[in-house]
Structures are given as structure tokens and as C-alpha cells.
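Reviewing the structure listed below.
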Amino acid sequence: MGCLSVWRKLKPKPSVRSLFPVKQRSSGSAGTQCGVRMKIAVIGQSLFGQEVYKELRKDGHTIVGVFTIPDKDGKADPLATQAEKDGVAVFKFPRWRVKGQAIPEVVAQYEATGAELNVLPFCSQFIPMEVIDRPKHGSVIYHPSLLPRHRGASAINWTLIHGDKKGGFTVFWADDGLDTGPILLQRECDVECDDTVNTIYNRFLFPEGVKGTVEAVRLIAEGKAPRITQPQEGATYECIQKKDNAMIDWNQSAEALHNWIRGNDKVPGAWAEVDGQKVTFYGSTLVDNGTAANGQPLEIPGASRPGIVTKTGLVLFGNDGKALLVKNLQFEDGKMIAAAQFFSSGSSVAVELTEEEKTFSEQMRAVWQSILSNVSHIEDSTDFFKSGAASMDVVRLVEEVKLRASSCQLQNEDVYMNCTFRDFIQMCVRKLRGEDDEEELVVDYVEKNTNNMTIKMPHQLFINGEFVDAEGGKTYKTINPTDGSAICDVSLAQISDVDKAVAAAKEAFEEGEWGKMNPRDRGRLIYKLADLMEEHQEELATIEAIDSGAVYTLALKTHVGMSIQTFRYFAGWCDKIQGSTIPINQARPNRNLTFTKKEPIGVCAIVIPWNYPLMMLAWKTAACLTAGNTVVLKPAQVTPLTALKFAELAARAGLPKGVINILPGSGALVGQRLSDHPDVRKLGFTGSTEIGKHIMKSCAVSNVKKVSLELGGKSPLIIFADCDMDKAVRMGMSSVFFNKGENCIAAGRLFVEETIHDQFVNRVIDEIKKMKIGDPLDRSTDHGPQNHKAHLDKLVEYCQTGIKEGATLICGGKQVQRPGFFFEPTLFIDVQDHMYIAIEESFGPVMILSKFKIGEVDDVLRRANATEYGLASGVFTRDISKALYVSEKLNAGTVFVNTYNKTDVASPFGGFKQSGFGKDLGQDALNEYLKTKAVTIEY
């Protein structure tokens, strides 16, 4: 009979097609009436046998006996354990035959059960024909291949070894041949290119096989079970795969090598001689660029060329010059390692345990003892597998660790790679400390001594968890706006770099740990990231100051401080994203249940501006990550440094590789490719309306990406005569000059009631005179340099236009005569509605002031709303009725009443009209990075 094992790894369920429809009627079960409950003997073992047994009982059949294998190392088979729990008779015969003859005593015990049907869901023993033919309805067997192909005990292995595009299973009537009996039922599935025995078994052969076997019994009970003679054409029989015949023949193509390795993964394991010892290969995938792999060569006898040990695994080559990648290796002593660690596997030094870690160690020793009940005492040298542990014990051990240390997220592979108790505890402790055997992050820092500290700045692209040079080594200089000097060379991303980053993000989302992670664990990582940002807040603020010109104290409080708050706020949302149940019209006489699920979108591109480099990153990235997406982010070309420092901190916080990717570069190249890329499913952009329109068009034409846009503004601020003058002046100054005017919600135009106009202007002049212009790292500086030279030049031109059109320049309007990109705080009055500076945004420290007649509320509202922008607005008045009326009529996404610039991480932020659509911050921001799926069930 066929022999299977129980495997672990799950993948999405493929399409299923029945090869033999259930409508066919049987000639061999004609006497059975529909719905008859039968007496069944279950002959077999394993979890598969257990699940078939449980489902047959649910169908109302009587299990008169379970015939399984003897206990191994004092542990009963799962099928036996379940049956004994249910009070069903269990027989554990070591064998049924001796020298080809049935053992009479064994057959007699079987016959005494009075079984009407034998079901063999998984059986590794040879069952005599006296037992096979004894029941009224005979015997049916589950076999994991599409018979007549791959008869024999290693059918799944050979399906993969032969590179079959289709796989599946057969339930057939037992006869005296080897898997040759008539077919009752078949189901098929696609075989994916990187499937292993594990993945195809758990994805299809196990769950669908249980259903198929139970369905076959139903057909027998209903008298509808067919007996279809197996065709001779296409019939194959292959030997049992054992370690002895699993040696790799290197004189094959890369695809054939890949099929051989995956077809023997995990049992028995494809192996070869390497460095004088037998090494087994696991986790094979075909790769496109193996010839370009960088790493250390590894000589393999018989191979067409040396393998290459790289950061991602061992690259091997077929005789056709093509490549495959192997992830894990196992040595003769049972030790399994990541293939990338082949040359460093013995170099780790044991860590000294703290008292708390010693307590955890003893708890785990007790767990090992409960699993390995046949071992008298768990020593540090006890080997989990040599002591009798099986694959289900691995699953249990991983879950036991989660119960005792939720922050220690193990994969089954971690147990296989650390099979002694000592190695297992060392591995767990390293993970708990964040010091596990993940490859150390390598950062080529640019270091500068400034602001009474040494700042360490990454300057390369960040792709798939690594800092790397751009394609072709291309770089550009990022400039300090305080003096115009170059800070450092920064890698300049190319189109090929964008493609690599998107591929990494896609793999991290679809195949990586991030996509499978529990939401609370995801939140824990984001909290940890926020903590690391807080630990480095002075360094981040200093980098922000020298790269963007932000005044250090403002950078510390707002640029960095609000960024930390944003990640903490959204981290708390991770386990609170939920759908709803919806009452719908019932399809009588049946009933319906409809519910919605909120799901992540996938790979998201984020393109941010230069005015708040870190904060704009945080506003979008925090919500994106919280929703479970992965990110490719393009910082502004002129301010890349805090984004790259953020990437370093994200890696150190433990965010998996590929989740965050940072690409400094030009908008025309990097931004355009992200807009066009077919694997990017969402793009979030903050910037100008002109570029936003172009991005929106590209996203529509490429693959109809979801888009959110935060664009230009010309925010009106209305100041009535009944305002608190001191507060109105203070907040009015802030509304314009905050962050040097480089503020998307800056008050682009102030309307002041005529009776207080002159007083307000004089007060503003006095305040401007008090402003100290200077080095942003000086704690007494109020006004730092503009972000970059091109922007400074635009401000000069903007003010010259205002003067030409007849506006009155009261102060400022020109560059400060000192090194760097400093611009004087500027005040224009007598600004008429038709003027350029009344219509267009300056994005700088320029106050545009107009008066309105006393009591003309509706007229000033008309003027305030006469703009294509609608990002923010404000009103100052002591009259609450007036305040509410004006806030209702102002056509903007945010309205400030008797305050300004009061944004908070919990409050949604976004504009109307040509200021864009979609929200940052608050619960609303999550919807920008989620998709809603409706599920309707009829029952």
C-alpha cells in the first residue's frame, strides 16, 4: 500500500477538478441503499488517518475497529490515540503476514469486528487479501497520485521529481496488485514550480484527500460508487525513495536538479558529498540571476561548476548553466543550518542566560520532557529527533514556546536547525533578545560630529533588508541648506533598483513572515520601532536639521516627535482592524450570513515631499504597515537622510526583510516607475497638484492602482474684529512662518476685518522684527534656511511678481545676505483677489494679507472659498455662532477655530478639490491601505 508522511507548510488552495464525477453509478456496490450507515474498519495511521476516522464517525458510520501500528518510543499513533479516547477497539499488530502468509490469529481478530468495509486512508503495512476481500463492500485505499501514474509508496516524491504539472490523489478499490485496483474517485490540482512534498501535501493532498476519502465512502453507502478499470497507458511504478537512492546526480539541468531536491524534501532528503561529508539539501527554488550571484565559492564533487554561498542561500548550477537556490543544509550529525551560514555555522558564541532566561529554559526543559516521554531526563545534549520526536511534535513545540514567550516567533525550521536542547535554548534566547542568527545589518555610515554628538547616517538604497549601492554605482550629493555645503554622496536609484525593491516587497507580503504574522505581533514590532526612534530622536532631529534646514527644536518636537507618536498610535490599531456582519435578504428556505473582512492591499508605493521628511514618511508608512502591507518609499531627492536612518532603525526593530524599502532618487525616474509598476497596488503621494495629476493618470493607465493624494493648498485664515488679538497675532504668525513657511497647511492668505487691519499689521511687523534668523542647530534660532536653492529662487521670483502686480511689500521679500538658502520673513498687504500671490501658494515665509469690510461674513467666505484648493482653513472670533457658521461654510478638509496648525495623530488629515483626496492620520487613514472583501454564506 502507499506510504505517506505528515507535513507542515501551507500555501493558498489551488483549483480542484474532479476527474471522475460522482454522478457515475457503481456496478460493484449495487446492493447498498442510499444513506446506509456501515460498519467500518479503519486500517492505517497518522494524522491523515485520524482525520478520516473522525469524519467517518461524523457521517454516522460505526467504526468497529482501528488497526494501526504499534507505539513508537512509548508514543501511540494519533489515529490510535483518538480511537482509544472514543472507546473504539484499537489493534496494534506489528505485522499481518509472516513469509507471505496471513497470521491466522491476526485475521481472526479482524474478522471478529464484523466490518462491512475497510478504509485504508494511510497504511504502511502489507495487508493480506484475506482481510482485503473479507468485508461485504471490500476495501478502498487512498493513494496520493493520479493513478495509474506513480504507483508505489513514494508517489508524491515522484510527482515532483518528474516535474509533473498536475498532481492529485486517487481513492481506488483494493485488489491483489500494487495500486492497480479499479478507480472509485480522483481529484487533481496544479503542481506549483516550487512545491515540495510538504507544500503540496498540506495545500491539497491532506485536506482534499480527507474529504475525497469520506466522499468515496458516502458513494459506497449510496450505491453510487464506480469501479473504473485503470488504463495501462501512462502507468508507472517507481521505487520507494530512501536515503540510499536520493543522492544527487549533478549531470542534469538546473530544473531537473531542482525537481530532484524538492521531490526528496523533507523525506528522505536529496544529498551529495561536500567537504568529505554527506550534506542534505532543502528548500530549492529556481532563480534567474544565479550567474550574477556574489558570495563565496563552494566546491561540490561532480557539479558542473562550484556552488556559491550567498547572503540568501547556496546557489547551484545545472549542466545547462542555469541556477537554483537552496535555503537549508543538513549534516550527517543531524544539524541543520541556513545554507547562507555554511562557512560560519560553527562560529557563534554561547550567550550567558539571565535569571529570567534560566526560568524560561527550565520551562522548556519540562516541555521537552512531556513530548519525549521515553527519555528519562532532558540533558543539554538531548537531541529532539534522535529521541523520537516527529513532525507533529515540532508543531507542538513551536506552539508551546509561543504560550510562554509570545515575542519569540519560531518557525518549524528553527527546531530542525537547533535540534539539541542546548542549541534550541540558545536560539530562543537570541530571538527573545533580538540577537538571533539573522545576518547582521551592515551599514556604511557617513559620520559627522555636530550638535554635540556624532551622527551616523546611512547613504545607500535600502532594499530587502540591506543597504546597497544603486545600479551602476550612481550617486548624487545632498546639500546642507545652512551653508550650501555637501553633506555626503547618496545612492541614486535607477529603474532596475525600483524593480528589485518592488519584487522584495511583493515576496515579503506574499511569502514572507510579515504576511503570516499575527496582528498583535505586527503591532509589537511597530511599537518597538517607535521606541528605537525615540532612543535616536536627538540624532534624527539633527539629521533633519542639516538635511532640510528645520530648526532643531522644532525638528525634535514636531518632525521627529510627531513621527514617534504616529507609529505608536497606529501600532495600537493593528489588532483592531475588523469587518462587520450584514443582514441581507434570505434565499428561502435557506439562510445567509454575510460579513466583511478588511484585508491589506499588498505592495504600496509612498512618495513624500521635502518639507517634513520624517513626519511625512511616518504619516503614511505607519498606517500602511499597520494594515499589513509592504512598502517601497521614495523620499524627496533633496532630503533622503532621515528616511535612510529610519530604514536602519526598522531593520534593528526586527521588521522582516522586504517589508520596508527606501529609494532616494528622482521623481521622473523612481516616482514614475512606481506609478507604472504592475505589482504596486497602492500609491500614496504628498506633493504638488501638478505632479499629483500626473501620478493619478499613470496609476490609472498602468493597473488602476488605488491612490491617495495630499496636494497643494492656499489655505484661508479669517480674522474677525471680535477675536482675541494677542492669540490671533501669535497664531497668525505661526500659520505662515511655522517651519519657514514650508508647511502644506500654511495660511496662504489672511483676511482681516478692516476695523482691526492696521493694528494687526503693526503687531505682525513687531513680531517679525523679533524673529532670529540663523543656524537651525542654534537653540535660539526662530527661522532657519529654506530647504534648497531652487526653492529659494522661486520665493524671490514669487515676491517680485507680487510687487509688480501692485501688492504692498511691508518687509522681507529677498534672500538674506549670508551663506546658505535663507529668505527673509515677508509681509504683503493690499493684496487683491486677482493677483498671482492671492491665488498661488508660496510654500514659504510669505504672509499675504487682505482686508474685508465689517460684518460681511458671507462675502469673505466667498473670497476664501474662491480657490481650487481646499486643504485647510481657519477662523478667529469670540462669537461661537459665527465660528460654527464659518467652519460649516469653509470648503476645506480641516478647519481651525481660534487656533492653527493643531494637528494630532488621531485626527484625519486631507483636503478637498485640487488639494487631493484620501486621509492621513486617524482611523480614516487605515482605509487608504485596506481593501474590503464581502463574504456571503448560504446554509
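The backbone N, Cα and C atoms fix where each Cβ goes, glycine too.
Feature list (source: TrEMBL):
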- His143: active site, proton donor (ACT_SITE)
- Glu710: active site, proton acceptor (ACT_SITE)
- Glu710: active site (ACT_SITE)
- Cys744: active site, proton donor (ACT_SITE)
- Gln125, Phe126, Ile127, Asp179: (6R)-10-formyltetrahydrofolate binding site (BINDING)
- 608-610, 634-637, 667-672, 687-688, Lys794, 841-843: NADP(+) binding site (BINDING)
- 355-432: domain 'Carrier' (DOMAIN)
- Asp179: site 'Essential for catalytic activity' (SITE)
Looking at (6R)-10-formyltetrahydrofolate and its recorded binding residues Gln125, Phe126, Ile127, Asp179, figure out the farthest C-alpha pair and report it in angstrom, whole number.
14
C-beta crowding around Leu669 (NADP(+) binding site), within 10 angstroms:
18
So which binding-site residues are near His143 (active site, proton donor), with CA atoms within 10 Å, out of Asp179, Gln637, Lys794, Phe843?
Asp179
Do you know which of the recorded positions Asp179, Glu710 has the most other C-beta atoms within 10 angstroms of its C-beta?
Glu710
Just to confirm: which same-chain residues, 6+ apart in sequence, have a Cβ under 8 Å from the Cβ of Lys794 (NADP(+) binding site)?
Gly844
Out of these binding-site residues, Phe126, Phe843, which one has the fewest other C-beta atoms within 10 Å of its own C-beta?
Phe126
Using Ile608 (NADP(+) binding site) as the reference point, find which of the recorded positions Gln125, Phe126, Ile127, Cys744 has the shortest Cα-to-Cα distance to it.
Cys744
Using DSSP, tally how many residues of the domain 'Carrier' (355-432) sit in helix, strand and coil.
49 helix, 2 strand, 27 coil
Between Gln637 (NADP(+) binding site) and Asp179 ((6R)-10-formyltetrahydrofolate binding site), find the distance joining the two CA atoms and give it rounded to the nearest Å.
66
Could you tell me the mean pLDDT over the domain 'Carrier' (355-432), as a whole number?
87
For the binding-site residues Gln125, Gln637, Gln672, the one whose C-beta sees the most other C-beta atoms within 10 angstroms:
Gln637
To the nearest Å, how far is the Cα of Cys744 (active site, proton donor) from the Cα of Phe843 (NADP(+) binding site)?
7
Whole-number answer please: how many Å between the C-alpha atoms of Gln125 ((6R)-10-formyltetrahydrofolate binding site) and Lys634 (NADP(+) binding site)?
61
